[in-house]
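Per TrEMBL, the features are as follows:
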DOMAIN    64-569  domain 'Major facilitator superfamily (MFS) profile'
TRANSMEM  137-157  transmembrane segment
TRANSMEM  194-216  transmembrane segment
TRANSMEM  236-258  transmembrane segment
TRANSMEM  340-361  transmembrane segment
TRANSMEM  381-404  transmembrane segment
TRANSMEM  425-447  transmembrane segment
TRANSMEM  459-479  transmembrane segment
Amino acid sequence: SLIQDCLAKQSNAVNKTTHRHPFQIETNAVHGDSTGVQTHTNTARQPAMAEAKVTWASLPRKDQLVILFLVRFCEPIVKVSISSYVYFQLQSLDPSLPSATIVQQTTLLQAAYTVAQSLASVFLGSVADSPRGGRKVVIVLSLLGSFVACSLFGFVANFKQALVLRFVEGLTNGNVAMVRTMTSEVVQEKKFQARAFVLLNISTSFAIILSALVAAGTVELTPKGHGSGLLARYPYALPALLNASFLLVVLVTTVLFLEETSKLVRHRYDPGIALSRYLVSRFQSLRNGTSKEALYAPVNATEEMAFLDEQEPEAASPPPKPIKPVVCLPTTRIFTKNMVLVLLAAFIYEAHLATASVAFPNLLVTPVSSREEEAQRVLPFFFGGGVGFTPLPLAVYSVMYGIFSIPLQLILYPRLSQRLGPLHVWRIFYLAFPLLYYAYPFVALVPSSSPPPSGKTGLAIWAVITPMQVLTALLTSTVTPSQTVLINAACPHPSALARTHSIAYFSSMVTRAGSTALAGALLGPQSPSTTHRQTHPKMARFTSKIILVTSCASGSGAAIVRRLASEGATVIAADKSGHEELAAELGASVIPRHLDAASEDSIRDLETYIRTTHGRLDILVNNTGMGGPRCPILDVQAADAEEVFRYNIHGAFLILQLALRFMTEQQQPTGGSIVLTASIAGLIGTPHSAPYAISKGAVIAMTKTAAVEYAKHGIRVNAVAPGPTVVPMVEALGAAATAGFRARIPQARLAEPREVAGVVAFLADGDDAGHVTGQVLCVDGGWTAA
C-alpha cells in the first residue's frame with residue numbers, strides 16, 4: 001500500500017526522529033521535503049534548497065494560485081461588507097426595535113454563520129478526502145451556497161429570513177480549509193510554501209480594505225425611502241448584489257480553470273476543465289485565423305498501412321504495470337502526538353488573538369472616562385473609560401491594519417521564513433504578543449485635544465495607536481502564516497490533508513465563538529465607577545426611543561442631541577446645516593435630516609421620512625428659534641417681525657402638529673412626550689427684543705394648550721425656558737451684553753448648554769416626569785425669582 005511505501009522510505013530516518021521535540025518534525029518537513037505533507041525523508045537536499053533563491057516570480061502554478069487567492073478573497077470581503085451595514089438593514093426591517101435588540105440580532109447572525117461553518121467543516125473535509133468528492137467539489141459548493149445566500153440577503157423581509165440565510169451559507173462554506181489544502185498540494189516544494197500560504201493572508205488584508213469601500217459606496221446608512229423601484233423598496237440590495245456578482249465571477253472561474261489536486265480523484269473527468277480547454281482552443285484558432293478544417297492533416301499512406309498491418313502478439317509492447325490502489329488514512333489515525341500538539345498551539349493562538357480583536361475595538365468606541373472615573377483608577381487593572389471613537393476614526397484604524405499588513409506579508413515574512421524557517425519565525429514573534437496586549441488598555445490614558453465627553457482626538461492618540469497597529473500587523477503577518485504551515489506539515493498522510501485543515505479550522509471557529517464573551521468579561525470591569533454607571537437604571541432610559549430634535553447644529557440643541565444619544569436613543573437631528581458634522585461625531589445613533597422650520601414642504605418631507613423609515617415618533621424636542629432684531633418696538637420692521645413669527649411660532653406649531661399626529665396613532669400606555677424650547681423672555685419683560693419675546697410667549701401658550709388637549713391620549717407637553725446661555729446666539733450680542741446678563745443673574749453666570757439638556761432629558765423621561773405636563777421649567781440661575 002501507499003502507507004507501507006512511505007514507511008519504507010522513512011526507515012532510515014525513524015531512529016533520528018523518534019526522540020525529537022514534537023515540533024522538530026515540522027522543521028525537517030519545512031526545509032527538506034518535496035511533498036505536500038511531512039514524510040521524514042532524509043535532508044540531504046536542504047543545503048541546495050537553502051541556497052536556491054526563492055522569489056514571487058519563481059512560484060510554480062501561478063494560474064492556480066491566482067484562482068485560490070480569489071476564492072479566499074471572497075469570504076472576508078462579503079463578511080466584512082455585510083457586517084458594516086447589517087445593523088442598519090435590520091433596523092430598517094423593524095424600526096420599533098430598540099438598539100440593544102438590533103445589536104443582539106447582528107451578533108446572532110454572525111454566531112449562526114460561525115456555528116454552521118464549524119459544524120460543517122469536518123464533514124466537508126471528509127467529502128474533500130473522499131474518492132467520491134474532492135477538493136474542487138467542496139469549493140464549488142461553498143461558492144454556490146455563498147452566491148445564493150448573498151443574492152437573497154438584500155431582499156430579506158424579517159430577521160428570521162436573514163438568520164436562515166446566514167446559517168445555510170455557513171453550512172455550505174468550507175473554503176478556508178480547502179484553499180489551504182489545495183495551496184499545499186499545488187505548491188508542494190517547501191521552499192515555496194511560505195510565500196504561497198502568505199498569499200491567503202494578503203487576500204484577507206485586501207478584503208478588509210476594499211469591503212468597507214464596497215459597503216460605503218453602495219448603500220446609504222440612513223436610507224431616505226424616496227423614489228420608487230426595486231432599490232427604493234430594498235435599499236440594501238445593491239451591496240448584496242454586487243457581492244453576489246463577484247462571487248459568481250469567481251464561481252465560474254473556479255469551475256472552468258481550477259484543477260483538482262486530490263490524488264484520489266485528480267484523474268477523474270472534469271467537465272469544467274474540458275469546457276475551458278475547448279473554449280481556449282477555439283479562441284486561439286479564431287485569433288490566429290485558423291479554420292476548423294485546417295486543424296486536421298491527411299494521414300500519410302505509409303503510416304495508415306503500418307497501422308492496419310497486423311502485428312504478432314510477441315511484438316506488442318509489454319502490458320503496463322498495475323496501478324497501486326490509493327489508500328485513504330482513517331480519521332481516527334489523524335490525531336498523532338505531533339498533530340495534537342500543533343492543534344493545541346493553534347487553539348491557544350486563536351483564543352488570545354480572537355479575544356483581543358474583539359476587546360480592543362470595543363475599547364476604542366467605549367466613551368472616555370469622566371473625572372470621577374479617573375480619580376478611581378487602579379492601574380494596571382482598572383482604567384475607566386475608553387477612547388470614544390466614532391465610526392470614521394474607527395474605520396481609519398481598521399484600514400490601517402490592512403495597509404500595514406500587505407507590505408509585511410509581501411516582503412518581510414517570505415524572507416524571514418526562507419532564512420529562519422516557519423517554526424523559528426513562529427517562536428520568535430509569538431513572544432511579543434504579551435507586550436502588545438499589556439499596552440492595549442493604556443490608550444485610555446492618552447491625553448486628548450477634546451475635553452470629555454467628546455472622544456479622544458489630536459496627534460497624541462494617533463501617535464500611540466499607529467505603532468500598536470504596526471506591531472499588530474507585524475505579529476499577525478508572521479505568526480499566522482507560520483501557524484498554517486505548521487498545521488499543514490503536521491498532517492500524518494497526504495490522504496488526510498483536507499481533514500487536517502478542516503479539523504484545525506473547526507477548532508479555530510469554536511475558539512472564536514467564545515472570544516466575544518471572554519472579551520466582554522475582560523473589558524467590562526473598567527473601574528468601580530464604571531461598574532456603577534453601567535448598572536445605573538438611568539443610563540439607558542431612552543433605549544429604543546425614536547426622538548426628533550430640531551435646530552440642533554450647535555448650542556443647547558447639540559447638547560440635547562448628545563445627552564439623548566448617550567442614553568440609548570435614536571436621535572433624528574434636523575436642521576438647515578451643521579447637523580451632519582454632529583451626526584458624524586456621535587455615530588450611528590444620530591441620523592441627520594435637513595429641515596427648514598419656516599417651510600411647510602420641508603416639514604412635510606421630514607414627516608414622510610419618519611413615517612416610512614421609523615414608523616413612529618416617541619419624543620419631540622422642538623428647539624426651533626431665532627433671535628430677531630434688537631431694537632425698540634417702533635423701530636421693528638414688519639418683515640423682520642414676520643420672519644421671527646414665521647420661524648418661532650408658525651414653524652414650531654407645524655412641528656408640534658407633526659409630533660401629535662404620530663403620538664395619537666401610537667398604541668402605547670403613554671402616547672409620547674413633547675418638550676418645547678421657550679425662553680424666560682416670554683415670561684418677563686424684555687426690552688429691545690419684542691418679536692423674540694412675543695414668539696416665546698406664544699410657545700408657552702402653545703405648550704399649556706396642547707398639554708390640556710392631549711393629556712387624554714397619554715401625551716405630555718412641557719417647555720424649558722432657558723435664561724441667557726453660552727450659545728452662539730447670546731455670544732453674538734457682544735461682551736457688554738453678556739456682562740449685563742451676569743449682573744442680573746443671582747448665580748452670576750450664564751447657563752451651560754449641558755444644563756439645559758439635563759432638564760430636557762428629565763422632562764422627556766416618562767418615568768421621572770410621568771406626572772409632569774403643561775409646565776415651564778426655567779433654567780436661568782434665579783433670574784425670574786429675583
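Glycine is no exception: its Cβ is also placed from the backbone N, Cα and C atoms.
Remote same-chain partners of the transmembrane segment (236-258), defined as residues 6 or more beyond its termini with a Cβ less than 8 Å from a stretch Cβ, comprise 63-64, 67-68, 70-71, 73-74, 77-78, 81-82, 85, 88-89, 92, 136, 139-140, 143-144, 146-147, 150-155, 182, 214-215, 218-219, 223, 230, 272-273, 275-276, 279. Sequence-distant neighbours of the transmembrane segment (425-447) (same chain, 6+ residues past either end, Cβ-Cβ under 8 Å): 349, 352-353, 356, 359-360, 363-364, 368-369, 380, 383-387, 413, 416-417, 456, 458, 460-461, 464-465, 468, 471-472, 474-475, 478-479, 482-483, 486, 526. Taken together, the residues of the domain 'Major facilitator superfamily (MFS) profile' (64-569) have an average pLDDT of 77.
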